[in-house]
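Enquirer: Below you'll find the structure I mean.
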Amino acid sequence: MKVTVFHANECDRKKCTSIKMEKLGKCKLVYNINKIPSGAVVLNPFAQKAVSYEDYRYVHRRGVVGLDCSWNEVSSSKKFFSLSKYHRSLPFLIATNPVNYGKPCILSTVEAVSATLYITRFKDEAKDILDGFKWGHTFLELNHDLLEAYSEADTSKDVVRVQNEFLESKE
């Protein structure tokens, strides 16, 4: 499974999950947006379409691309988001990384990539990419029911419906 991460050099390198992923041989870091593979699914928190099983073939053929930047600076990374026609956002999930533990939707790069792989039914790869992170298994355990429901949804609209039903049940 091809995983590429555009690294914006805005993070604390000691806590950076994409740098650790690269050291573990689980992704390729790029620092130039022109090095991002065309046709890959690009994770984009501003995308109108949620990742779903209908993205399976794009992830399988071209991979997934994460953006590693500060959540405080993500809106300034808009240039990154013009690179692919397969921009996808992630549905509601809860972070378990040490920096944002328990915060909804503020995922680390490795959590976002893992969630994308899980939702597109690359579940073994989703688990594997979290190996090497002490808290990695916690992400899948805490979000298990949602990830399963999202992975069973065939389309982006179905994923959004599952998300909305979950959020409404919590009100």
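Quick reminder: no glycine exception, Cβ is built from N, Cα and C everywhere.
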Enquirer: Of the candidates Thr109, Thr120, Thr138, which one does Swiss-Prot list alongside Thr17, Leu67, Leu90 as binding S-adenosyl-L-methionine?
Expert: Thr109
Enquirer: For S-adenosyl-L-methionine, with binders Thr17, Leu67, Leu90, Thr109, what's the maximum Cα separation in whole Å?
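Expert: Value for the max Cα separation, rounded to a whole number: 18 Å.
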Enquirer: Neighbours of the S-adenosyl-L-methionine site Thr17, Leu67, Leu90, Thr109: Cβ within 8 Å of the Cβ centroid, same chain, sequence order.
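Expert: In sequence order, the nearby non-listed residues are Val5, Ser18, Leu43, Gly66, Asp68, Leu107, Ser108, Val110, Glu111, Ala112, Val113.
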